[in-house]
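The feature transmembrane segment is assigned by TrEMBL to 12-28, 40-63, 144-162, 174-194, 206-226, 238-261, 273-290, 296-314.
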Amino acid sequence: MANENVSVVFKLYCLTVMTLVAAAYTVALRYTRTISSGDLYFSTTAVCITEVFKLILSLGMLTKETGSLVKLKSTIEEHIIFSPKELLKLSVPSVVYAIQNNMAFVALSNLDAAVYQVTYQLKIPCTALCTVLMLNRSLSRLQWFSVFMLCGGVTLVQWRPAEATKVQIEQNPFMGFVAIAVAVLCSGFAGVYFEKVLKSSDTSLWVRNIQMYLSGIVVTLIGVYVTDGDKVLEKGFFFGYTPWVCFVVFLSSVGGLYTSVVVKYTDNIMKGFSAAAAIVLSTIASVLLFGLQITFAFASGAILVCISIYLYGLPKQDTSRVSRLDASAESKQKLISV
Ligand code: NCC
């Protein structure tokens, strides 16, 4: 089954790398869109190249997993070449992720990185809602409460003063917020859809990724053609690519693959909780190692994050038992009054 046993250390390692990469990715992307001098690259091509990189890396991982080229060939034939239905199934999250990944560029071209990070935390309740609706899981009232508390906690933890640096382009904050709203919905839906497909069969994570990235390449290429087609034909696909842009593509690819591993071994809600814990822990580590100053917002946010993690992890029966006790007390009361 998809949920094999792996050590807690490995899970923690994946979560920490995913969170650190996501933080670096947001800042580097913002830099390439607003501060870095020179010709501005086409963001649609960066999203497309990322899909190509993820496909190559996943093929490498699948080769390692199957152990031989013969087995790799038969796996590719069975699950990719002769499985158009499965490819179609995975084209759903790939379209949604393509929209989300493009929206990140729109948002970070128009909003400060810190504002983006904070607003993007709305994905936590959105993911919880998608999990309940699409995976038929239930959350107790206390767990819902902890989801919203986590959202508030991460918001405070990531609270930073706005950028002091002057940006080189004109910004439209309204457009930035609309892009975040779309990205939040896409992240919740695509994440849970992928989790559902991945965990409903024994098919390897790398096969699922390859299926998704193949349609991802097609969809993002259509995005390049529709949005920047004329300009790309005139100036070239890699117009404006600097080492910083290549770094953004690298982070985006590595971050995407780590996200898939995290979803395989945990789930999308846990991804949100653990990412929050990783942010808190890495900041505390920076305090101990580099003497970073802790702000009041960080300290209160960190406390909220810890309490929400504790509340979310409380056994569900506790709350249902309380409501059962309440209900039986209520019926006893009714009997007495009768
Ligand atoms: O928003 P988020 O993830 O849910 O987006 C998921 C990202 O992972 C890629 N993905 C997902 C599944 C899969 N099997 N393969 C993939 O490549 C998707 O294409 C999508 O890019 C998060 O939980 O906050 C997280 O945030 C992103 C990123 O910071 C935001 O989307 C902002 O743009 C992180 N991605 C990177 O750091 C590159 C992700 O690791 C965690």
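Even glycines carry a Cβ here, placed using N, Cα and C.
Curation does not apply to TrEMBL; its annotations are automatic.
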Problem - Winner by Cβ pairs under 8 Å against the transmembrane segment (296-314), considering only 12-28, 40-63, 273-290 - result: 273-290
Practice task
Report, as numbers and ranges, every residue of the chain located at least six residues beyond the transmembrane segment (144-162) whose Cβ falls under 8 Å of a Cβ in that stretch; write 'none' if there are none.
Solution key: 112, 114-115, 117-118, 121-122, 124-125, 128, 269, 272-273, 276, 279-280, 283, 295, 297-298, 300-305, 307-309, 311-312
Practice task
Give the one range among 40-63, 174-194, 238-261, 273-290 whose Cβ atoms make the most pairs under 8 Å with those of the transmembrane segment (206-226).
Solution key: 40-63
Completion exercise
Counting Cβ pairs closer than 8 Å to the transmembrane segment (12-28), the top stretch among 174-194, 238-261, 273-290 is 238-261
Exercise for the section: Would you kindly list the residues that approach the transmembrane segment (174-194) from elsewhere in its chain, counting only those six or more residues past its ends and only Cβ-Cβ distances under 8 Å? Expected result: 90, 92-93, 96-97, 99-100, 103-104, 106-111, 115-116, 119-120, 122-123, 126-127, 129-131, 134-135, 208, 212, 260, 263, 268, 271
Practice task
For the transmembrane segment (238-261), could you work out the same-chain residues 6 or more beyond its ends whose Cβ comes under 8 Å from its Cβ atoms?
Solution key: 14, 17-18, 21-22, 24-25, 28-29, 31-32, 36, 38-42, 45-47, 49-50, 53-54, 57-58, 61, 101, 194, 205, 208-209, 231-232, 271
